[in-house]
Amino acid sequence: MADPSTFIVNVDLRSHENNLAHRTREIDRERLIVRRGQPFSITVQCSDSLPPKHHLELVLHLGKRDEVVVKVQKQQGARDSWWFNQQEAQGEILLTLQSPADAIIGQYRLVVLLMSPHGRIVEKVDEMSFHVLFNPWCKDDVVYLPDERLLQEYIMNEDGVIFMDTWDYIKSIPWSYGQFEDFVMDICFEVLDNSKEALRNSKIDIESRSDPIYVSRMVTAMVNANGDRGVLIGRWKAPYLDGVAPNRWTGSVPILRQWSKSGIRAVKYGQCWVFAGVACTVLRCLGIPTRLITNFCSAHDVDGNLSLDFVVDFESREEKTDSKWNFHCWVESWMRRDDLPKGNDGWQVLDPTPQELSDGEFCCGPCPVAAIKEGNLGVKYDAPFVFAEVNADIVYWRVLPGGQRQQISVDQRNVGRNISTKSVYGDVREDVTLLYKYPEGSVEEREVYKKAKRRATLQPTESVEPAQLSLSIRHPNPVFGTDFDVIVEVKNGGGDDANVQLTVHAMAVTYNSLHQGECQKQMNNVTVSAQNAHKEVLRFRYDDYAKCVSDHHLIRVKALAEAQGNSLPVMTVADIPLSLPELHIQVLGKAFVWEQLTAFISFTNPLPVPLTGGVFTLEGAGLLSDTHIYVDGVISPGQKVSVKVAFTPMRTGVRKLLVDFDSDRLKDVKGVASVVVRKKYRNTLPVLSGRF
């Protein structure tokens with residue numbers, strides 16, 4: 001009989017086989033990473049057969065100080081417990097472990113014990129660890145999503161598209177989630193380890209990590225750095241000299257790596273799509289199906305009355321309270337909500353952008369999308385705020401000479417438009433507006449709004465009688481760097497001529513309505529004949545608007561028409577996005593894993609002024625890490641500049657090469673190229689010989 005003290009020669013975690021079966025091979029091929037609720041096997045290599053009446057025991061430890069200890073049962077027990085079975089063959093013991101579908105996610109330390117017949121530890125092997133993730137392929141996991149096509153997009157896809165600009169001129173930018181890049185999983189758990197809850201009581205925090213509701217809420221709190229050790233600091237106005245301008249980021253991985261390598265110091269700077277992109281990376285990596293959402297004409301309702309109240313004040317420089325964002329990004333994660341009444345399962349809104357406090361923290365969600373559609377504002381979490389983002393009415397007021405406020409118009413249709421996400425069928429837009437709300441203007445939509453208002457103990461806003469005047473603003477889709485015209489038209493639908501004071505104010509704004517400077521303003525007294533219209537043409541010259549337009553390249557035009565008499569004024573607002581040129585990317589030859597590849601990137605200066613300080617930023621999951629290429633000297637108007645970059649693909653599959661160009665006068669110029677990376681097979685046909 002073998003000496004029991006040397007019985008266990010080695011323990012093989014069989015990472016290659018297990019990771020392939022658990023769909024985690026993209027994360028790591030050397031370390032064991034499994035998904036809960038799914039069995040995996042390890043091999044104990046022995047010096048001899050198991051001594052008589054001796055047996056093996058397995059113990060799991062979680063936490064840096066072993067805060068949670070789990071004894072693995074020897075046979076199948078309750079569905080919420082770990083268990084294993086064993087088979088002996090050829091000096092090896094094959095152990096098959098089964099985790100419960102609600103197992104804690106995180107890093108486990110595995111201890112293998114050889115026990116004597118009297119319960120004494122004869123031998124102990126404990127230098128092994130593995131990670132457990134959520135399992136959306138497991139029917140008993142609360143994040144189970146029964147559609148492989150959706151799982152390939154919302155868990156496995158490392159490349160995304162983010163929609164932005166305005167509801168009537170939607171553009172997209174590529175985004176690299178990179179959830180399977182080297183050590184990103186470790187950083188995701190580091191994010192959880194540094195939450196306030198983890199630092200306050202690590203044992204309770206670890207035990208709570210079996211619940212995706214808890215984990216996702218912690219992620220929304222930790223992606224922003226407001227009040228904790230979070231990843232990103234938000235900043236919505238230039239300058240960004242002590243950090244990176246939000247529009248320069250093209251992916252999540254450089255942000256997460258910088259946060260971790262700097263000793264968990266918050267990264268500067270992010271805005272809503274950056275916060276959402278990082279959150280999507282973390283949640284997909286942890287195994288929760290997640291997609292990024294863009295809500296156009298998004299309301300930020302500060303006082304909770306489910307309406308945006310704007311005072312008609314053409315001298316105001318900045319929205320002091322409520323505001324309407326051209327677009328706002330958050331994420332949705334898929335999970336069952338056993339903590340809520342039936343009907344709240346499925347997609348849940350999670351918003352990591354720091355806007356309002358929720359239970360004392362800057363986090364938001366998870367909030368069921370189904371509850372938002374039905375106006376059920378009593379469910380957890382943050383339903384009134386999310387409902388207002390997609391459903392608030394816009395109420396315009398004016399201040400009378402005595403100081404009283406008079407309501408002049410109500411817009412019931414302009415909030416929550418073209419709610420968008422990337423399609424599972426490619427880099428195109430899928431409209432999900434009808435998941436959030438009934439069709440605008442429908443009986444159901446108004447009934448839901450009134451129901452929500454009652455829940456907020458407020459009276460629904462009253463509609464205002466239509467005035468005889470109407471206003472409209474027409475504009476082209478101008479390119480940044482060109483001159484263009486905007487037409488403001490006031491129509492008189494009444495039976496009498498109208499003497500009208502027409503005020504038009506154009507200003508540069510950020511996408512979330514922060515004013516950056518005045519472009520032009522004019523006030524005219526005009527007579528508009530009955531059943532006729534009057535047009536005013538505003539000329540916008542690059543030399544003028546370039547002085548105040550922000551990095552978001554957005555001009556807001558407000559028009560107010562006041563007729564003499566007792567009739568109410570009318571107003572309208574239009575946001576004009578200035579489009580940017582695209583980068584041209586050419587990848588030469590076929591791409592093979594671990595073979596150098598060359599790409600050429602070119603850009604032509606479209607502005608009538610020279611550019612300096614040019615820099616190209618490149619990244620791509622599985623292709624190359626964050627890389628900067630600087631352009632020396634001046635780029636003259638109309639000049640083409642080209643750069644060459646060599647890189648070595650590290651993983652096979654369809655990959656995306658993302659490029660951003662920035663300079664002193666022109667920023668946020670994007671480009672993307674698809675790269676199909678193959679495995680190179682050598683000719684290994686056998687040489688046949690002999691007589692036939």
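Numbering starts at 1 and runs along the chain as it is shown here.
Placed from the backbone N, Cα and C atoms, the Cβ positions cover glycine too.
Just so you know, TrEMBL annotations never went through curation; they're auto-generated.
Per TrEMBL, the features are:
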ACT_SITE  CYS272  active site
ACT_SITE  HIS328  active site
ACT_SITE  ASP351  active site
BINDING   ASN391, ASP393, GLU440, GLU445  Ca(2+) binding site
DOMAIN    264-354  domain 'Transglutaminase-like'
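The Ca(2+) site is defined by ASN391, ASP393, GLU440, GLU445, and by the 8 Å test on Cβ atoms against their centroid, the other residues of the chain that qualify are ALA392, GLN412, ARG413, VAL415, GLY416, LYS437, GLY441, ARG446, VAL448, TYR449. Take the CB of CYS272 (active site) and look out to 10 A: across all protein chains shown you find 27 other CB atoms. For ASP393 (Ca(2+) binding site), the nearest neighbour among the listed active-site residues (CYS272, HIS328, ASP351), judged by C-alpha distance, is HIS328. Nearest by CA distance to ASN391 (Ca(2+) binding site), out of the active-site residues CYS272, HIS328, ASP351, is HIS328.
Distance between Cα atoms for GLU440 (Ca(2+) binding site) and CYS272 (active site): 25 Å, as a whole number. For the active-site residues CYS272, HIS328, ASP351, a Cα-Cα cutoff of 10 angstroms around GLU445 (Ca(2+) binding site) retains nothing. Sparsest Cβ environment among the recorded positions ASP351, ASP393, GLU440, GLU445 (other Cβ atoms counted within 10 Å): GLU440.
Rounded to a whole number, the C-alpha distance linking HIS328 (active site) with CYS272 (active site) is 6 angstrom. The 10 Å shell around the Cβ of HIS328 (active site) contains 26 further Cβ atoms across the protein chains shown. Mean pLDDT for the domain 'Transglutaminase-like' (264-354) in this predicted model: 90. Cβ neighbours within 10 Å of ASN391 (Ca(2+) binding site), excluding its own Cβ and spanning all shown chains: 25. Spacing of ASP351 (active site) relative to CYS272 (active site) is 9 Å (Cα to Cα, whole number).
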